[in-house]
Amino acid sequence: MLEACESKLDIIKNFVPSWFAAVMGTGILAVDSLLYSSYLPILKDVAVGLFYFNVLLFFIFLVPWVLRWIMFKDNALADLKHPVLSAFYPTIAVSCLVLGADFINIGHNMFWGGVFWTLGAIGMFLFSLIVPFYMFKSESIKLDHVNPGWYIPPVGLIVIPIAGSLIMPHLTGVWHELTVLINYFGWGAGFFLYLALLAVVIYRFILHHPLPSAMAPTVWINLGPIGAGIVALINMVNNSPFITIKEPFYIFSFIFWGFGLWWSLMAIIMTLYYVKKLKLPYAMSWWAFIFPLGAYVASSHLVYKIFKFSIIDYIGFGLYWLLFFFWAITLIKTTNKVYTGEVFKGH
């Protein structure tokens, strides 16, 4: 056990920011299991089990994450300034937002849902400024560094209204107004930052060599802002009494969903290409398969509920099983690498 580690302290020293992507992925799988339990009732029990497991995961990961900033501050700070790894720092804040949604939808606990949402929203606000700031002032970023992982800060902002919109109706006065402001700020800032970065990432895809094998799963992150954006927008519209005409927002969600379907197919094709031509060795980036696809699965169900096109829900349910497969195989691989200590080697 942990034979690949020179010291047990390597667990803390090399605890990369992307670990919380596992919490994001498990949390969205729990929500999707609940959404599709109408097809298979046992999925409701699966959702509850995943929810409790995810809460445990969060606090397990939180310990080395905090200790790293205390014991190996230089390493933690170096990752925050790294042109690739820095984009994964917001995963801890997004994890809080996802857990907030889990507590509200699965745990039926508005208090803890609100606590995690508040922590996540504050964290995302800070990371949405810190991460781009270091990128903007850096003089060493190259085209090699561009990858869909850069979407994570915008995705985190877009995720804010998913649970935040469910909290809005329970507040009054200035707290209600502040929550509305935070939700619309999150979606607006995140969506337009995503559009800007989309152009940069597509530029890299077309005019540069393919992503390294270790970063190949990040192709799936393209689904993150689409799926989360649809879910967040629908939740905001449904919980904003001042929006009296909802249909234009619903139609935009449907159109945006179509863009997501294209990206789903492209991500599958690109993954098969890497598996066949370039290999796809395990890396922590495998967790990039999970949350973005899970967000798109959730968006499929919500779009179906509005337009009542059964084929959309069938597509979502089919992708749910792909999501479950990705999650299971990634969890098994990660557990094995944790046991051997390989995942804690220096990067």
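Cβ from N, Cα, C; glycine included.
Taken verbatim from Swiss-Prot:
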TRANSMEM  15-35  transmembrane segment
TRANSMEM  46-66  transmembrane segment
TRANSMEM  84-104  transmembrane segment
TRANSMEM  111-131  transmembrane segment
TRANSMEM  149-169  transmembrane segment
TRANSMEM  182-202  transmembrane segment
TRANSMEM  214-234  transmembrane segment
TRANSMEM  249-269  transmembrane segment
TRANSMEM  283-303  transmembrane segment
TRANSMEM  312-332  transmembrane segment
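Contact between the transmembrane segment (15-35) and the transmembrane segment (312-332) is present: at least three CB pairs lie under 8 Å, with pairs separated by 6 or more positions in sequence. For the transmembrane segment (149-169), the most Cβ-contacting stretch among 46-66, 249-269, 283-303 is 283-303 (pairs under 8 Å).
As a quick check, the transmembrane segment (214-234) and the transmembrane segment (283-303) clear the bar of 3 or more Cβ pairs under 8 A, pairs 6 or more apart, so the two touch. Same-chain residues lying 6 or more positions outside the transmembrane segment (182-202) and placing a CB less than 8 Å from one of its CB atoms are 121, 124, 128, 132, 146-148, 150-151, 153-161, 164-165, 168, 222, 225, 229, 232-233, 236.
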